[in-house]
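*Asks:* Handing you this structure, nothing more for now.
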Amino acid sequence: MPDIHIKNTRIYYNNSLQPAEIIIEHGKITKIGKDFRVSSSDMVIDAKGSLTLPAGIDVHVHFREPGMTLKENWYTGSCAAAAGGIATVIDQPNTIPPTTDRRSFEQKLELARKKSIVDFGINGGVTGNIEKLKELWRLGVTAFGEIFMAESTGGLNIKEEDFEEALAEIKRLGALATIHAEDEKMRLELEQLLKGDVSCDYHSKVRPNACEASAVQCALEIISRLGVKAHFCHLSTLEAVGMIRKEKYLAKRENKEPLFTCEVTPHHLFLSTRDWERLGVFGKMNPPLRGSHSIKALVNGLNDGTIDMVASDHAPHLESEKGPDIRAAPSGVPGVETLMPLMLAAVRKNILPLAKMIMLTSWNPARAFGLDLLGKGKLEVSYDADLMIVDPRNLQPVRADMLHSKAGWTPFEGIDAVFPEYTLSRGEVIWMEESINAKPGRGKFLEGKGKMSEED
């Protein structure tokens, strides 16, 4: 007896949309085909012609727990993910306490296991704790980072002299380093130079394109020298995309796999410096909003394969915390619930093809972070039934009052999006009919490769 029978749907297969039915048993996709004769099942979903796609994998969220639960917690953050078609997330380490040793890791893991409704990984923090990285790797962290090369929320930025040593240890462990690339020296110099600037786009001026480009160049040199596997978080500039494209081309020319992957966020794709006046403090994030030339470069990078994936960098703050002062306002915007809907709208608007969007939001993240080994990332037989059912014709404006994050606001207010009708996680419907359909704690911890190898 199947657990779920999805009928009257369409899937992307062999480079085209095709009618299909899907049978799900024990949390896995067991059959994909047409005209199945099923005598009974626990649940039949009539998709009525809507698409069934792999659910999103968001490799960059800040669910703020422990320590900052006024902003978000594992339950509210995971509900936002589910409502947006995300079935797997990877949480970042800049909580209170930061996830930098056994005690803090186990504290976060216990909270996530009690509250999350989606599957999750946990990254380990990297500052001056290089002697703790092996322990964290054996405990099951997904990756290390984001390693902050410049100041950001949580105070986890690494000293310049420790950065290469940390990457060397991550290489020795066979782990993955995820990097927040901004040049701290340049940022501090510009902060002093612009201390009298009160313009709304101050934040983009104090962290300009060159700030990211300098840090990316530095990191690429160390990555190449050490041979460490790395991932660049939230690339945002024309210059950085050009560097990444060149390095990937050189690797391909030598028939080598690049040592690194990279992500871009929806806020760097769909918002720009033109939005500073409208958004004010609600447009402040690190790295900051960019100009139209960078946005065009990011879109081109998505389409030509330079950029590997899209991630939300969901970093919520309450409206009251943002305050009126652009300098004092904390950096970060909510985004996990709007990631997939905005990307689906981009497909509808011919910004990128559906096949590319699927790769960017499911398979590429799964492969880069080792989640493919755990059955994540594809709508295929034997993979986890992590799925979203969506009608691509159903464009609607994003509204803060329809979202589930504790933040209570969104920088994407009024922008067209396509929200899912259903979200499934391991064969369980966790979002349907515009409501959460899951209990806290059903989410599964996805152990990292260090834990898996220890058990082999």
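Cβ coordinates are placed from backbone N, Cα and C, and glycine is handled just like the others.
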*Asks:* If Swiss-Prot says His60, His62, Asp313 bind Zn(2+) 1, which of Glu146, Glu151, Glu221 does it name for the same site?
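*Replies:* Record source Swiss-Prot; matching candidate: Glu146.
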*Asks:* Please identify which of Asn94, Asn300, Asn303 is recorded by Swiss-Prot as part of the substrate site containing His62, Phe63, Arg64, His317.
*Replies:* Asn94
*Asks:* Considering the Zn(2+) 2 binding residues Glu146, His180 given in Swiss-Prot, which of His203, His234 is annotated for that site as well?
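*Replies:* Swiss-Prot lists Glu146, His180 binding Zn(2+) 2, and from His203, His234 it also lists His234.
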*Asks:* Looking at the recorded positions His60, Asn94, Asp313, which ones sit with their CA no more than 10 Å from the CA of His234 (Zn(2+) 2 binding site)?
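*Replies:* Within 10 Å Cα-Cα: His60, Asp313.
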*Asks:* Taking the Cβ of His180 (Zn(2+) 2 binding site) as the centre, count every other Cβ atom within 10 Å, in any protein chain shown.
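*Replies:* Here the count is 26.
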*Asks:* Report the nearest neighbour of Arg64 (substrate binding site) in space among the recorded positions Glu146, His180, Asp313, comparing Cα positions.
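*Replies:* Nearest by Cα distance to Arg64 (substrate binding site): Asp313.
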*Asks:* For His60, His62, Arg64, His234, His317, listed as binding-site residues, tell me which one has the smallest number of other Cβ atoms within 10 Å.
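*Replies:* Counting other Cβ atoms within 10 Å of each of the binding-site residues His60, His62, Arg64, His234, His317, the minimum falls on His234.
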*Asks:* Specify the count of other C-beta atoms within 10 Å of the C-beta of Glu146 (Zn(2+) 1 binding site).
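*Replies:* Step by step: centre on the Cβ of Glu146 (Zn(2+) 1 binding site), count other Cβ atoms within 10 Å, giving 26.
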